[in-house]
Every structure is written in C-alpha cells, then in structure tokens.
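As given in TrEMBL:
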ACT_SITE  Cys55  active site, acyl-thioester intermediate
ACT_SITE  His345  active site, proton acceptor
ACT_SITE  Cys375  active site, proton acceptor
DOMAIN    2-241  domain 'Thiolase N-terminal'
DOMAIN    248-380  domain 'Thiolase C-terminal'
Amino acid sequence: LRGLLNRTSVPREVVDYIVYGTVIQEVKTSNVAREAALGAGFSDKTPAHTVTMACISSNQAMTTGVGMIAAGQCDVVVAGGVELMSDVPIRHSRKMRKTMLTLNRAKTLGQKLSLLSKIRPNYFAPELPAVAEFSTSETMGHSADRLAAAFAISRLEQDEYALRSHTLAKKAQDGGLLLDVVPFKVPGKDTVTKDNGIRPSSMEQMGKLKPAFVKPYGTVTAANSSFLTDGASAVLLMSEEKALAMGYKPKAYLRDFVYVSQDPKDQLLLGPTYATPKVLEKAGLTMADIDVFEFHEAFAGQILANLKAMDSDWFAQNYMGRKSKVGAPPLEKFNTWGGSLSLGHPFAATGCRLVMTAAHRLKKEGGQYGLVAACAAGGQVRVWHCSLGRG
C-alpha cells in the first residue's frame, strides 16, 4: 500500500474505500485490509474490508472495487491481495481446542485439574494447512495430475512449458520490464528488490525430479508447478472522469469480467476454458481481437490442458454446450513475460499482478485488448477483458 502511494502520489484522503483479498487468514488480522490500511497511514475514516475467493481473491477485490465505482458509491478505490505463506497459522487439534475452551470456562481449581488430567499426548499433534479441496479432500496437485492425464499432456510437454515460463521471465526481468516490484526489507534478512524465484534450468535437470503428487507415475513435479511464496499487491482504481480530473492518465481500462464455477473434482482447473468465450461475447470481441493474454500458471499441465480444451470442438460441444470451440490463444501473445510458474504464486496477490502485467504489455507492445484468466480452488475462475488506456 505504501508502495502504491509512492508510485502514484495519490493523496490518502481521496481514497474512498480499500478492498483486499487473502486466502490463509491470520486470526489476529482477520480483516487484513483494515489493518494494512491503518499501518500504511490511511485515515481511520477510510472503510476497508477483506474478501476471500481462493487464488482469485484479489481479482474479487478488484471487481468489487469496480462495482462500487460503477454504482456511484465511490470515486477512488484501492484493491489488492496479500499472502504470507512463510508463516501460516497452524492450529491445535480439535480435541485440544475443545479442551482449552472448556478449561477457560472452568471456575474451580478442581474443574481445571480434572480437564487437564484428560489431555493425552495425541492432543498436541498440530493440524497443518493443506492446499486441498474441502469437498473432495484432494490436493490441487493431484487434480492437476489427473487433468494432465485426461488431456494426454506428457511430462516432457509440461517441463518444456515450465522452462518457457522461467526463460521468458528471466528475459523480461533482465530487460527491465518487471518494474512493478516494490523493494521490501525482510526482518532479519536482506531487502528484496526483484522476484527471486526465476530459475531457468535445463530439460535434463528438470527431468530428474520425481513426481510430487501421484507417485510414482505422475507427471506433475516441483519444476512444472507454481511455487508458493509471500507476496502482496495493490492497484489504484478510479472512474475515467475522476482520473482525468485529478490529472491521471489511465494505464488501462477494466471493461468486462466474468466469474464461472465448475465441478471441483474433475474440472477444478478448467475454468478459463469456460469463461473465455463468455467474456469475449460480452465484450463483442473474438480471440483474434486480443493482443495480450495473461493466464495464471498454477501448473504447466493445467495451462496446456486448457489450451487443448479451448481448441477442441468436441470439448465445446460435449461439455460446454457450444457449437464450436473458442480457439486457443497463440503462444506468441501468451504470458510472454513469464507467469506464476516462474514468478511464484502468493495466492491472493496474483490477480493484481496478472492485470498489471497485461496493462504493461499492452503499452509496451502497442496492443489494445488484453484478456486475463485465473483458476481457483473450488472449481471457480475469473476472466477479465481490459484495454489499453487512451486517455
């Protein structure tokens, strides 16, 4: 948030509302939007709330802000997302939690001693968070492995795509294109000045890694999966009228968006395929009109499966109720500055990164229309059509 203020020079007092996304919530800061706003020096009179929608939480924060502006409730909204994967809350077991809560209500020493005597060693076993579907108890990695198998995506293809992501990210970083990173001093460590997960490797080295989820025959590995990392993001949203009145030139226009939901077991990560034709129809555009594509790379297999599904008439007719396919994005327009496989995936922060990368690519490449898509746990997805700022 402070980085946003420094970059834009927007006065704190003109911000009407702050919306933030987060996935793994810390109990002490359950409304992290409010706590972060106060910590960044915003007025205590500026309302703020937190949303959660798995990996598209900051997407939801942005669309919430757009809705508030469109409804005339606000002129200026700051939206973003944050995730602290290096310090996730770890809970006591349910038995231990129940005992501790009951102990807190005990009135006499005898009652307290009686409760303490019932505690067993297994009560102390912690409950670790897992990136798993509550409805299916299946981790997203397992889902990605099954998806890759269903679409006949080989291990070689997945590794090749992952290497492409890291190579393009390194090229973009060396070329000074990834300029949205705000330096951050990590307590007790050095200041982080750039994305530090970009590691171009070789097919030979990647081929040595063992399957991470479906063992021993799976194809999803640590090398072709997005890695979890700490991260935060923020964007400044205004109506065009307000932006121009304040002397700002819009960087991009956020025009249309669509949310869809799919079966969280068999089609957990296929949301972009379903949502893309809907947002294009809503915007009156075709795939050929899009200059820039930015898709969240949860797994290389997930990306490649979506590209196959989008380019399949059979899939469109049998699963989507459509007469024909929407078509796959051409790779020369697709995630050309790297993606989540190489830049990391701090759950709730990723959505803003996708949107801002699309905006910067449109400006750099002289394009007009961009399309952003991100899948999320629960079988949900958000797709957004944006266009280059011409103001």
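FYI, residue positions are counted from 1 along the chain as it appears here.
Note that Cβ sites are derived from N, Cα and C of the backbone, with glycine treated the same way.
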Would you mind checking how many other C-beta atoms are within 10 angstroms of the C-beta on His345 (active site, proton acceptor)?
25
Rounded to the nearest Å - Cα separation of Cys375 (active site, proton acceptor) and His345 (active site, proton acceptor):
12
May I ask which residues of the same chain, at least 6 positions away in sequence, place their Cβ under 8 angstroms from the Cβ of the residue listed as 'active site, acyl-thioester intermediate'?
Val23, His296, Ala298, His345, Phe347, Ala348, Thr350, Gly351, Ala374, Cys375, Ala376, Ala377
Need one number: mean pLDDT over the domain 'Thiolase N-terminal' (2-241).
93
What is the Cβ neighbour count of Cys375 (active site, proton acceptor) at a 10 Å cut-off, with all protein chains included?
32
